[in-house]
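Scroll down for the structure; my scribbles are underneath it.
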Amino acid sequence: MSSLSRELVFLILQFLDEEKFKETVHKLEQESGFFFNMKYFEDEVHNGNWDEVEKYLSGFTKVDDNRYSMKIFFEIRKQKYLEALDKHDRPKAVDILVKDLKVFSTFNEELFKEITQLLTLENFRENEQLSKYGDTKSARAIMLVELKKLIEANPLFRDKLQFPTLRNSRLRTLINQSLNWQHQLCKNPRPNPDIKTLFVDHSCGPPNGARAPSPVNNPLLGGIPKAGGFPPLGAHGPFQPTASPVPTPLAGWMSSPSSVPHPAVSAGAIALGGPSIPAALKHPRTPPTNASLDYPSADSEHVSKRTRPMGISDEVNLGVNMLPMSFSGQAHGHSPAFKAPDDLPKTVARTLSQGSSPMSMDFHPIKQTLLLVGTNVGDIGLWEVGSRERLVQKTFKVWDLSKCSMPLQAALVKEPVVSVNRVIWSPDGSLFGVAYSRHIVQLYSYHGGEDMRQHLEIDAHVGGVNDISFSTPNKQLCVITCGDDKTIKVWDAATGVKRHTFEGHEAPVYSVCPHYKENIQFIFSTALDGKIKAWLYDNMGSRVDYDAPGRWCTTMAYSADGTRLFSCGTSKDGESFIVEWNESEGAVKRTYQGFHKRSLGVVQFDTTKNRYLAAGDDFSIKFWDMDAVQLLTAIDGDGGLQASPRIRFNKEGSLLAVSGNENVIKIMANSDGLRLLHTFENISSESSKPAINSIAAAAAAAATSAGHADRSANVVSIQGMNGDSRNMVDVKPVITEESNDKSKIWKLTEVSEPSQCRSLRLPENLRVAKISRLIFTNSGNAILALASNAIHLLWKWQRNERNATGKATASLPPQQWQPASGILMTNDVAETNPEEAVPCFALSKNDSYVMSASGGKISLFNMMTFKTMATFMPPPPAATFLAFHPQDNNIIAIGMDDSTIQIYNVRVDEVKSKLKGHSKRITGLAFSNVLNVLVSSGADAQLCVWNTDGWEKQRSKVLPLPQGRPNSAPSDTRVQFHQDQAHFLVVHETQLAIYETTKLECMKQWAVRESLAPITHATFSCDSQLVYASFMDATVCVFSSANLRLRCRVNPSAYLPASLSNSNVHPLVIAAHPQEPNMFAVGLSDGGVHIFEPLESEGKWGVAPPAENGSASGAPTAPSVGASASDQPQR
């Protein structure tokens, strides 16, 4: 339906409301689906008119449209069911269960069973989750609060919750104006016209000899001037505009450049009176990291407008309590992908987990499987999609702040969060550029593999840098940028010297498109006011000035052969356009059809093979043949795409990168692309046969079974994460032979002398009894320890000539740090026995706060000032383990000594959920932000997996213990997730094990034999390649995580003085550096902290043991804990 027809419905709704046709108003709201009357909906819910509630909702959404819709219908039907139970109307309750609630059983069978069991209770409030259910009135009110949040968050209700601002009786006014026009056209207008009907046009009868008065004196006509006839408002179309002036040719200036700017002209027909910008949509409980953007006004600040979705953000980012239900990924209203031509990439071949939301992507111009990615938190990643390996990951950092302008320094202090707006390769792939949302452009040189180096950093624009591109005017490689300061700038790519500044836009410049034709180099630019301008490299001003369809965010691109020009734009009210331009005439040649009525974000597009156009819209990828305006096909990528996904073809068009929800990138492939990726798999399997990684295979199975197809397996094999298996394409047969020779002489690396490694005992200004907890800060420049006497110790490395990075190192001692006030961070101990207390802490992502407890209240400390910000949750029960939610620092999982886990919201000071599944105190908690689960472990040696959407327990398993050891013997069991977020490490005094999460299956296990000392603690290295484990006899062992085989042993004599060699001093805790995979630290039972690194000449801890019998593991997948010496490598 056209926008004017839609507005006509609003006028009719206003008219009906003013005339008190109340039932008809709501019927039209429902049938048109244009306006959801929240007040009416609330009234019907409060009155319990459930049939009318669902009937009204059906005009806007269906049960299975998306997660929000399903949750809305579920809550309504659940309330209806509970009210029937409350009235003891069992037949009605059964009827509701069978007819209304049964549909949800396919999505959550356990929940449906639990609801069914309520029938067996005399009072459903006996169910713990419903124990606080009050009376019907209050329950409806509580439910309504949740329903409103869900409706506001639901993309299907976008633009439907706000009635347009209209003057009273707007429809009557328009009719009167129409009658005025009709009367003005009468040949013999009467002074007091008699309007008898609206069904036909008005016309005055003969004057009977009377002279008609002037229209100016006619009170009906007022002061309206005489005008020609106007065509009527069509039922489904806009007014026809008057003809535009003949447009100036876009290409005319190319053959004979002129310094005189052409007059501004229209790019085509202008729709009369387009719909106004909707009111800003509210985002309920949106996490702080959410990259969503409300509809901005025309003069709003342009920060990351190019890439952030308008209105409601992707479903995964909304902080609404959802049912743990998944849906098929079929895009709304699109047919399946079977109609797509074979040469379109339509098969999901890879799914990569980037870690933050992709905002821009670009394939290498030569290496067809090398993908560059920029994200909403300023990260850049370089992926080899063939092997699913992330070669490089870099976070945003200003290289030299002293050279930055004061506005930039002030902007970074005020708002340190920086997004990537665009990443792009140079034509030969030797450089790539990154444009950020704050002033900065960074250029890197690329030398193959993971070798990228800093090249240039340019403080390019005041405000955001919205686009970046490369061009070669006069055969000199240049970088073109544009920004919020309304300028386009050209920089020398070798030196960073500014060559040109183009000024003339009156709004922030959104995109640039350099090109050349007939030996003339030029640049197209688009701005947020919809203006398209063209520039020569001569500083003589813009050569053309056109209006882009949509008149807001527009990008331009040529076909691969440079002969056809296209643009893609999205207007402020969400209407999107892809058009082809006639360059010779400067006019739109064709407009492609098939966009959603209101795009849910700024649409991105790309071209391929000189034949196809593609755009990300409506949770899908839409394709057009360049020569036909009709939509060719739409592909949903097996579901899970963003509302307006970012897309990018590789140069051959065989692969298409598409951004999805939950920070993933899907790689779509055609038959050529699949063959290309298959060659990587063959090469990888051949070059890595001695190191087959069973865990990587299990990761794939885990991801699939969890409904995250390929999401977890994509993070590369555990064997290859440290660079050992990278660039497998370049592996020569001689390397395999060399490896075989080494395997014959491999032996365990023993470190027994201080000279065999770099170790350092940290200086001690304050003596403590023993170190109970230990962690490196996330920045990697400090270590935080919690002692058994509830005091925190902090050591910081200083940046100086000997330590240019300021990072932790075993080569230089740090300073034990305290604020000038001299205060200590000391936990509340209440009346607890220090020996019985279980100390625990958790550090925030930005290292600013630490949450800590030592048997008493939980304390929140400021890490800069050591001040206590808050204390809460006095015992009993006492906290025994703390973990921050990975997506929201305000949510904390707290393990308690009464065996429960409390999900606590710091902001509102409220326990949201209490999880029960263990029988003894909680000793470990770990979140997976890929699988959306929490894994817990306890002193009962039990492992539990909890869904973080509804906090239901998914499965549990008791850790197998050695024969002869009773399960009742208390011992801490700790858990830590692998980098792939699909596997986790289990640490018990009797064993190390790696488990697959979704099935809770043990994939690898290393057991402590009876003659050996127990394990005290263990942790993954930062890249999950290694496992560091400490033992009661003071040895520290380093294992390869791929197979849990021992590769290096650090004996006590290497770091403990001789005076302590016969004592009982040993490591209680061990911590890995967050960026250096071969650095770790231990906290000792005598209160000391030691940091370890291998010798610089070695660079790593020993050599991975060779494969046995063609396997990466010399042990069975899950040997018994009591395995004999022949089953286990010696320690």
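Even glycines carry a Cβ here, placed using N, Cα and C.
If you check Swiss-Prot, you get these features:
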- 4-36: domain 'LisH' (DOMAIN)
- 34-92: domain 'CTLH' (DOMAIN)
- SER214: phosphoserine (MOD_RES)
- 415-454: repeat 'WD 2' (REPEAT)
- 504-545: repeat 'WD 4' (REPEAT)
- 639-678: repeat 'WD 7' (REPEAT)
- 766-805: repeat 'WD 9' (REPEAT)
- 874-914: repeat 'WD 11' (REPEAT)
- 1060-1102: repeat 'WD 15' (REPEAT)
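Across the repeat 'WD 4' (504-545), mean pLDDT in this model comes to 87.
Residues 722, 748-749, 756-762, 764, 767-780, 783, 785, 787, 793, 795, 807-811, 1016-1023, 1025-1026, 1028-1034, 1036, 1038, 1047-1048, 1050, 1052-1053 of the same chain lie 6+ residues outside the repeat 'WD 15' (1060-1102) yet bring a C-beta within less than 8 angstroms of a C-beta in it.
Remote same-chain partners of the repeat 'WD 9' (766-805), defined as residues 6 or more beyond its termini with a Cβ less than 8 Å from a stretch Cβ, comprise 812, 814-818, 824-829, 834-835, 837, 839-841, 843, 845-847, 850, 852, 854-856, 861, 863, 866, 1068-1076, 1081-1089, 1091. In terms of DSSP secondary structure, the repeat 'WD 9' (766-805) contains 0 helix, 18 strand, 22 coil. Residue counts for the repeat 'WD 7' (639-678) under DSSP (helix as H, G, I; strand as E, B; rest coil) come to 11 helix, 16 strand, 13 coil.
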